[in-house]
Structures are given as structure tokens and as C-alpha cells.
Amino acid sequence: MIQLREVISSLSLHHQPFPLPKTPLSLSLSLSLSLSLKVQMEVSSWEESVTASINTIYLLFSAYLVFVMQLGFAMLCAGSVRAKNAMNIMLTNVVDAVVGSISYYLFGFAFAFGEGSNSNPFIGTSFFALFSIPNDTYDYSFFLYQWAFAIAVAGITSGSIAERTQFTAYLIFSFFLTGFVYPIVAHWVWSSSGWLSASSSALLFGSGAIDFAGSGVVHLVGGIAGLWGSFIEGPRVGRFDAFGRPVQMRGHNATLVVLGTFLLWFGWFGFNPGSFDKILVAYPNTTGQGNWTGVGRTAVTTTLAGSTAGIITLFGRRLLIGHWDALDVCNGVLGGFVAITSGCSVVEPWAAIVCGFFAAWVLIGLNILALKLKFDDPLEATQLHGGCGAWGLIFTGLFAKEEFVIQAYNSGESGVERPYGVLMGGGWGLLGAQVVEVLVIAAWVSLTMGPLFYALHKLRVLRIAIDEEVAGLDISSHGGYAYAHQEENQPRFYADYVRIQSDQS
């Protein structure tokens, strides 16, 4: 059989016919050749089908994990606000998912990954409303995975403007953010034609920006959007006293915060390792290595970065405030996850510990600065997702390992050379691209979301009235409180609230 394969290979290389004399032996040989070719084609087709099926299952499972993060966001947000606003913040998380689904289906996916004859480095131009999907490049499972990322961005921003925002504003900014602002950045960094992409044919600084799972594309975008929303709205009523000193407004349920943190931790195993898209990709010139080993390493670096940041936040806040604070530790853990998301697939486990260590101090420092500037973000989303996201991009430019970069972006192809981390001896190309990504994301989101929030503010559809804020959004906007037992001197139902307002007027 081996000799027959060699004969067939030789014939196909020289493009010459293979004349056989019409004898019983030649007929037997011809039949054997035909059967051999048929078996090889069937085996090859079967292997390709099995490989594609396993990769699709892996990507879909990762999409489900990322979607679970919406539940984590909902629980974290609900526990981090006061009880009188719990129903409101949970409803906004639902709105982020459902409105984001429609906008991303109609426009977002096309702007992010729409490639074709009119493809360009700035914006996608095809696949609107999933037209021509599936195709040779993308299928429904890829769309679902990217959709789960898109709705997470709006959830980040919602936390920054919690407890004082009109519900209409959520509908507007969520649609705009997931349908236009975020997809443009995703196209720059994750599309093969994007000008910042590490998979582009024209690599920026010979490297492209490495943002494997979205420290910049997802978290920095959401953080900067939240920064402008919170800044334009101003602090919550009573957040700072007459002398400008901060007044503590702690969330009402630590149980929900811890539950949300662990749900987000669980979902991050789809967020980071799932960004490989395919798990059955073998690396050449290695023994038993492929994307499956990269997936395992990515899960480890994610865990180590979050855990380290949590420990450092625990002791750091203990030194600053004098007691052990569970809520601060939860945010510290999430800050470590946000930071490692960019370089999770291209750094060693020990480097992930370094990432988490500095992410904790970035978060602690930005929280102190926010209080000094009288900036009010109830979920610390701007500091956590924006600050730690920016640090994560810089960290990747410092510690990315060349071998892992080639595995993540060139499937381990031998003979390939790419820029990698400065501190690993890889030159300045990668770090330069990472800095550019931080700057252009900050500029793009500021130029789009800043004017949107300002317009909503001028139209008086951004912030609720002071009396409604004091009463609580649940009773003033949503018909009643999330919990059955409330203070006796507060209205229990929307009708009671309306009657009290009428009496006062």
C-alpha cells in the first residue's frame, strides 16, 4: 500500500498519465488504487468533520460560560447598590443583554468582522443581520461567542452610572455601545483586516497589538464609557458632604457580591481560554502540544492573576482602612482577571502573578484618586475595568513570551519570528503597539460616548430627579421594591409613592 501511495504521489507531482496494460493484474491494481483513494478521502472527510464538530462544541461551550458572566454582573451589581435600587440595576443587566442582542445582530457583528471585497482596516462592511452567515470563515457559533462579549461591555458601563440614571438612557447607550462603538474597536484588534490586529498582513510596528481576550477591546472600552457617563451625571445625592468629604454608601448585600464574583470567575474560563476559538489545533515540530495545551495554560494564568490581586488587595486595604474587607477583595480579584485578559495566552504563569500584584495596586490607587476628585462610580467599574484593562495591555508588552505568541497567533508554525515582551528580550515593537491601543481606545470611546452622554444630559433623559433618587429607583420607576420588607417610613408600592408626591406638590 505504501508503494501505491508513492506511485500516486509521483504521478500527481509530474502530472503524467499512468497507462496500464489491459490484463487481469492491471485491472486488479487499478481497482486497488481506486479503493485506496476512496478510503483515504472518506477517512480525511471523517477526520475533518470530527475536528470541526469538537471545535464547534468547544466554542459554543465557551460562549455559554461567557454568557453566565451576565448573571455574575447582575448579582455583583445588585449586591453593590443600596436595597432601594436593587430591582433597577438587575433590570438594566437584562436590558443590556436583550438590547445588545438586537443591535449586535443587526450591525455590531458586521462592523466588527464583516470582511469582503470592500474590507478596510477601520470598519467591517458585510454580514449585516448575519447575511451570508455561515460561510467559509464564520459560522453561528462564532457569532454567538462574540455576542456574549459585546453585551458584557454594556454591563460594565451600567455599573458606573448606577443608582441615578433614567431607564431610557440605558436603552439608548446600550444599543449604541454594543452596535457601533465596541464593534469598531473589535474590528481594529480582532479582525484579520484590522489596522491594530496581530493577525493582520500589515502588522503595526511589525507586531500588531496583542489583546487576546479583550483587556482593551472589552474592559477598557466599557471603563472609558462608564467614566464619561459617571462624570457627566455627577455624584449620587449625599455621596460627598458639604465639605467635599466622601460619605460611605456601601452595597446592601455582601452575599450577592461574593456570589457574583465567583460566577464571573467561572465565566472567565470561557472568556480567556475560549478565545482560542479552536481547541484541536496541533503545533508542528512538537510532541503532543496544541491549542489544548495553550487553553490549559491560559486557564492557569487567569486563575493566578486574579488570586494574586485578591490577596494583595486584602492586605493592602487592611493597611489602609484597618480591617479585612470582603467586598474590596472581590473587586481586587476581578481587577486581576481584567488585567490578565490581554496576555493570558502569551505569558508564563509566574508572570501572571506579577500582573495580578500590580493590578491590585492600580485599583487601590485609582480608587483613592477617584475620592480625591469627587468621582462617584458605585461599582468602581471605571477604575477596575478601565485602569486594570490599560495596565493589562502594557503588561503584555512587557512580559509576552515569543514561543507563546507564535503558538497563539501562528499555530506554533516553525521558522516564524515575532516581536514579544520588552523584558523578555523581544524589543519595543509589541509594547509600542500596546500603548497605541490604549490611546486610540481612550480617544475613540471619548469621542463617541462622551457626546452621547452629554446629549442625553442636555435632553434631560440621563439623570433622574433628586426626589426620585432619594426615594429609590425601584419605587419611583419600577413599581415597588425588590424586597418585601422595607423601612416602615418609606412607601411600599408605586401608588403610595405617587400619592406622597402629589401631597407634597
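Backbone N, Cα and C define each Cβ position, glycine as well.
Per TrEMBL, transmembrane segment is recorded for 57-78 (among others).
The domain 'Ammonium transporter AmtB-like' annotation in TrEMBL covers 59-483.
Annotated transmembrane segment per TrEMBL: 90-113 (among others), in sequence order. If one looks beyond the transmembrane segment (90-113) by at least 6 residues along the same chain, the residues whose Cβ comes under 8 Å of a Cβ in the stretch are 70, 73-74, 77-78, 123-130, 138, 142-143, 146-147, 150-151, 154-155, 158, 162, 167, 170-171, 174-176, 178-180, 182-184, 186-187, 190-191, 478, 482.
The transmembrane segment feature in TrEMBL is assigned to 142-162 (among others).
Counting only same-chain residues 6+ beyond the ends of the transmembrane segment (169-190), those with a CB under 8 A from a CB of the stretch are 92, 95-96, 99-100, 102-104, 106-113, 121-124, 146, 149-151, 153-154, 157-158, 161, 196-199, 209, 211, 216-218, 221, 225, 229, 437, 440-441, 444-445, 448-449, 452-453, 456, 461-462. Among the features that TrEMBL reports, transmembrane segment is placed at 169-190 (among others).
Residues annotated as transmembrane segment in TrEMBL: 210-232 (among others).
Sequence-remote contacts of a segment are chain residues at least 6 beyond its ends whose Cβ falls under 8 Å from one of its Cβ atoms, and for the transmembrane segment (253-271) they are 61-69, 71-80, 83, 86, 148-149, 213-214, 299, 302, 306, 326-327, 330, 333-334, 337, 341. The transmembrane segment feature in TrEMBL is assigned to 253-271 (among others).
If you look up TrEMBL, you'll see 350-371 (among others) marked as transmembrane segment.
Outside the transmembrane segment (428-456), and at least 6 residues removed from its termini, the chain residues within Cβ reach (under 8 Å) are 157, 169, 172-173, 176-177, 180-181, 184-185, 188-189, 196, 198, 204-211, 216-217, 220-221, 224-225, 228-229, 232-233, 342, 390, 393-394, 396-398, 400, 419-422, 462. The feature transmembrane segment is assigned by TrEMBL to 428-456 (among others).
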Tertiary contacts of the transmembrane segment (57-78) (same chain, 6+ residues out, Cβ under 8 Å): 86, 89-90, 92-94, 96-97, 141-142, 144-145, 147-149, 151-152, 155-156, 158-159, 162, 253, 256-257, 259-271, 273-275, 277-280, 330, 379, 482
